[in-house]
C-alpha cells in the first residue's frame, strides 16, 4: 500500500531544528530493562452506567482486553461515541468511584494498582490542554517539576530537567513566551500541545496517556507530534492515546491499536500493521488502496457518515463474515424503495457488521491476547515491588503543604503582574464609581435632609461592595478547570489550591475597596474621625469579602458561567432586601421569605454602618420646621428608632466576618465534592 505524498505546509523553525537532531536516545527516561519495564494490562474491562436492577443500565465499554508496555505506542481507535476517552480514563484510573460501574481487571506490572503510586508513575495529557494564559512555557514546566518531584531533588537538577525536556520536545525556542489563549497572543497550537506533553514528561513517568493529542492541529504538526511521541516511547515509555480519524502517515507511527466498534466493544487489538490482515481474514477487505484507519473506523461504525458510498461499497463486495460460531454470514439486502426504510436497514446492517467484527475478534484473536497478557504479568511482577516501593512514600504529595500554597500563590501573582489591565480596570472602576458617588452625595452636611442622604449613600456603598466580585465568576470557573487537571495529576491538594488562590485574591480586593472608601468617605463628608473611618472601611471590606466568598462558592456549585451568574446575582439581590427597611420593612417580609433576614450579611453590615455613622452625630433642624415631621437632632436617637445601636456594631461586624468564613469553608467543601465527582 503506497502512502500519499504529505502536504506542503510551513513549519516553525524551532520544530524543524529539533526534528533534524532528535533521536530516541535523546529522550530523558532510561531504556526499558527487565528490572524497570512498565506493563499495564487489562482483562475483560466493562463500564456500565445506570441501574441494572431498574433495567435502565447502558454499557459504554464492553469486555475489552489488552496491554501496553515500555517502548511501544498504543492507539485507541473508533468512531465518534465509541468510548475512546472513556476507556482511556478507565485505564488511567480516572473513573474510579464515579457513577458508573467498572468490572474487569487492570494491573500494573502484574499487581493491583495503588492510586498514589500510579498517579506518580503516569502522566495524562488532556485534549483541551487548558493552561494559564500569562504563564510562560518554561514556568508551566517548572511548576509541574517543582510540585511533582521529591524535595531531595536540588534546584540545579530541577532546572536541568526542565531545560532537557524543552529541548527534547522542540519548544526551547519559545521557553520565555507566554502560552496565551484565544484572547491573549501566545504560542502556536502545536507548541501548546508539546508544552502540555512537557508538563507531564518533566517528571519522567514510565506511562503516558494522551486524549486525542492531534485535535486542532494541522497535518504537519500532528504528524511530527506523533513522531516525537514515537521517539519518546522508544526510550522506555509506554504511551497510550486515543485518536480520531488519523491520516495514513500518522497511522504508520502506531505500534499497536485497540479498535472499538460503535457500541464500545473490542473489534481488534494487536499490531497496527496487522489490522487490515485481520479484516481480510474474516472476509472484509477494501476494494481500494487508501488509509487503513479510515477503513477500520468505517467497518466498525454503527452508521457510516457517507451512507451512499458505504452502501455501494458493501454491495460491490458482497461482504460476508465467515467466522461466526454458527457459520452464518452477513450480507446486505437490496436497497428498499423508501429512503426511510433504506436508512433503517442500512443502520441495522452496519450495527450487525460492527458487532460481528467484535465477535470475530473474540473468536479468533482474543485467546492469543489473553495468553500474552498472562505472560507479561508474570514477567513484570518482579518490577512491581520496586516500583511500588519507590513511588509510595508516606504522604500523598511530594512537596509540603506550605510549598504547594506558595507555588500556587506566586503563579497567580505573576499572572496579575503580566496582565495589569485587569487590576487597572478594577482600580479605575472603583475610583470612577467613588467620584460619581462622592459628587452625587457631595458634603451632605447635618441638615434633616442629610439623614436620608446618609442612609442612601451607606446603602449604595454596601451594594457596590456586595457586587464588586461578580465579574470574577468566569475567571473562577476557568481556574477550576485548570485545578481539576493539575490536582488529578498529583501536583497539589485541594486545600493548598484553595488557600493559595484566596490569599492572593484577597489583598487586591482589599486594596480596591480601600481606594473606593477613602474617596467616597471624605467627598460625602461622613464623620471625620479615624475610628469611625476604620470601622466604616472594615465593615465594607467584610461585605466585599462576603461577596467574593459567595462568588467562589457558587462557581464551585455551578457547572457553567451562566448558571453561576444567575444564582449568585439572585442571592445577592435577596440579601439586600432586609437592609434596615431601605427596600422593604422587615415586618412586611412574607413568612416564606423571612429566612433571608437571618442569613443576609448585608442586613448586619448595614446596621453596623448606620450605627457607626449616626452615633454621636448632631443634626440641625430646618429653618422652617415642619408640623408633620418632627426635628431630629440626635443621630444616635434616629439610628435607635431604626433598630440600630452602637453597642451592636461589634457583634454585627463579627456576624459578617463569620458569614465570610462560612462561605469560604462551604466553597472549599463543595470544591472537594466537585473534584471527587468531576469527570465520572
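Positions of Cβ are set from backbone N, Cα and C atoms, glycine also.
The feature domain 'ABC transporter' is assigned by TrEMBL to 40-287.
Under the heading region 'Disordered', TrEMBL lists 324-345.
Annotated transmembrane segment per TrEMBL: 421-444 (among others), in sequence order.
Annotation comment: TrEMBL describes 456-477 (among others) as transmembrane segment. Through the fold, the transmembrane segment (456-477) approaches residues 430, 433, 437, 441, 444, 505, 509, 512-513, 516-517, 520, 524, 526, 540-541, 543-544, 546-548, 550-552, 554-556, 558, 560-561, 564-565, 568-569, 572, 575-576, 579-580, 582, 602, 605-606, 609-610, 613 of its own chain, all at least 6 residues removed from its boundaries and within a Cβ separation under 8 Å.
Look at TrEMBL and you will find 498-524 (among others) tagged as transmembrane segment.
Residues annotated as transmembrane segment in TrEMBL: 530-554 (among others).
What TrEMBL lists as transmembrane segment is 566-586 (among others).
Taken from TrEMBL, the feature transmembrane segment applies to 649-671 (among others).
Residues belonging to the domain 'ABC transporter' (40-287) score a mean pLDDT of 89 in the model. Cβ atoms under 8 Å from those of the transmembrane segment (498-524) belong to residues 404-409, 412-413, 416, 423, 426-427, 430-431, 433-435, 437-439, 441-444, 457, 461, 464-465, 468-469, 472, 479, 492, 533, 536-537, 540-541, 544-545, 548, 552, 664, 667-668, 671 of the same chain, restricted to positions at least 6 beyond its ends. Within the same chain, residues 455, 459, 462-463, 466-467, 470, 473, 547, 550-551, 554, 557-558, 593, 596-597, 599-603, 606-607, 610, 642-644 sit at least 6 positions outside the transmembrane segment (566-586) and bring their C-beta atoms closer than 8 Å to a C-beta of that stretch.
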